[in-house]
Amino acid sequence: MKTKTNKPLIVMAVTFLLIVVVFFISLNLGVIKIAPLKTLQVFFGQGTARDELVLFEFRLPRIILSLLVGAGISVAGAILQSVSQNELAEPGILGINAGGSLAVVLFIYFFQGSASDLSFFGTFMLPFSALAGAILAAFLIYILAWKKGVTPIRLILVGIGVNAGFNALLLIFQLKMDPHDFMQAAVWISGSIWGANWNMIWAILPWIVILLLFTLYKARYLNIMQLGDQLATGLGTAVEKERRILLLAAVTLAASCVAAAGGIAFLGLIAPHVARRLTGPRHQTLIPVSAFIGSFLFLLADTLARNVLAPSEIPVGLVISVLGAPYFIYLLMKAN
């Protein structure tokens with residue numbers, strides 16, 4: 001009994017150690033390689049100006065953003081799977097990411113003029129624009145999937161359709177951009193945190209931290225929802241009210257991550273599933289473990305994306321998709 005109680009803590013401790021290892025590897029690797037000893041010297045204020053620039057202005061913001069986005073997307077996926085009672089639910093598959101991406105591209109196209117020169121104000125407005133698009137996508141999916149209730153398979157099929165529609169609109173507005181912005185938007189939509197900076201971190205940090213804490217606070221309702229709507233209602237839970245609140249939290253988390261990293265598919269599917277297998281379905285432990293696993297997977301994928309074809313770079317979203325697509329197919333076959 002004691003081992004079962006301690007298992008989530010053990011999983012989080014091991015995952016944290018893995019994050020620390022990849023953190024330092026990611027700091028050292030890149031087009032400009034910095035030896036571990038020199039990295040420590042920089043942190044103690046004894047490094048060269050070049051090493052300080054590379055670490056503090058390029059690599060460290062990117063690593064921190066990877067950890068935040070990985071945690072946010074993974075917890076959003078865990079919420080969606082529980083709220084919809086559908087183990088295949090995930091922000092990318094359901095079209096929520098595509099809605100947020102479309103809103104961000106529209107914001108840049110109409111108000112900022114260039115994807116490469118966002119103002120300080122524009123950077124902080126990105127999560128709000130992504131949230132508007134993600135909420136619109138979620139609303140459309142919920143309305144179109146409703147037919148005397150929402151079945152899991154209908155939710156997935158409608159989500160795929162909405163996803164395709166938003167992606168078509170994305171392409172239309174991309175084609176109206178100049179060639180440089182078109183390429184940047186295409187890479188970003190594929191999932192990329194190239195060009196991560198401290199402004200972007202400060203823009204999404206409050207959203208992700210507050211919503212993670214809020215989700216932990218609401219974990220007991222996610223546990224009850226797993227029992228089914230009738231039993232949950234019998235236990236005195238306002239099921240529809242709590243479902244809408246938690247759905248909004250998941251959409252907002254996903255939108256914040258879209259604003260920072262574009263469309264990241266499958267991470268919100270993989271991390272909660274791995275966490276559930278390791279620690280069980282209790283959301284008081286499932287949520288933090290999902291966040292840890294998601295952060296680790298995203299940071300690992302981004303480190304690979306930066307270095308496998310260096311000096312060229314692969315969008316991190318493509319790396320995650322290569323890993324996640326087979327797992328999604330496996331779950332589909334398992335669910336029959």
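Glycine is no exception: its Cβ is also placed from the backbone N, Cα and C atoms.
Per Swiss-Prot, these features apply:
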type	residues	note
TRANSMEM	9-29	transmembrane segment
TRANSMEM	63-83	transmembrane segment
TRANSMEM	91-111	transmembrane segment
TRANSMEM	124-144	transmembrane segment
TRANSMEM	155-175	transmembrane segment
TRANSMEM	193-213	transmembrane segment
TRANSMEM	245-265	transmembrane segment
TRANSMEM	285-305	transmembrane segment
TRANSMEM	313-333	transmembrane segment
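Count of Cβ pairs under 8 Å against the transmembrane segment (63-83): among 9-29, 91-111, 124-144, 193-213, 313-333, the largest is for 193-213.
Sequence-distant neighbours of the transmembrane segment (124-144) (same chain, 6+ residues past either end, Cβ-Cβ under 8 Å): 91, 94-104, 106-107, 118, 150, 155, 158-159, 161-162, 166, 199-200, 202-204, 207, 247-248, 251-252, 254-256, 258-260. Residues 84, 86, 88-89, 92-95, 97-99, 101-102, 105-106, 109, 133, 137, 140-141, 144-145, 182, 185-186, 189 of the same chain lie 6+ residues outside the transmembrane segment (155-175) yet bring a C-beta within less than 8 angstroms of a C-beta in it.
Using a Cβ-Cβ cut-off under 8 Å and counting only residues 6 or more beyond its ends in the same chain, the transmembrane segment (9-29) has close neighbours at 35-36, 39, 55, 59-60, 62-63, 67, 275, 278-279, 288-289, 292-293, 295-296, 299-300, 302-303, 306-307.
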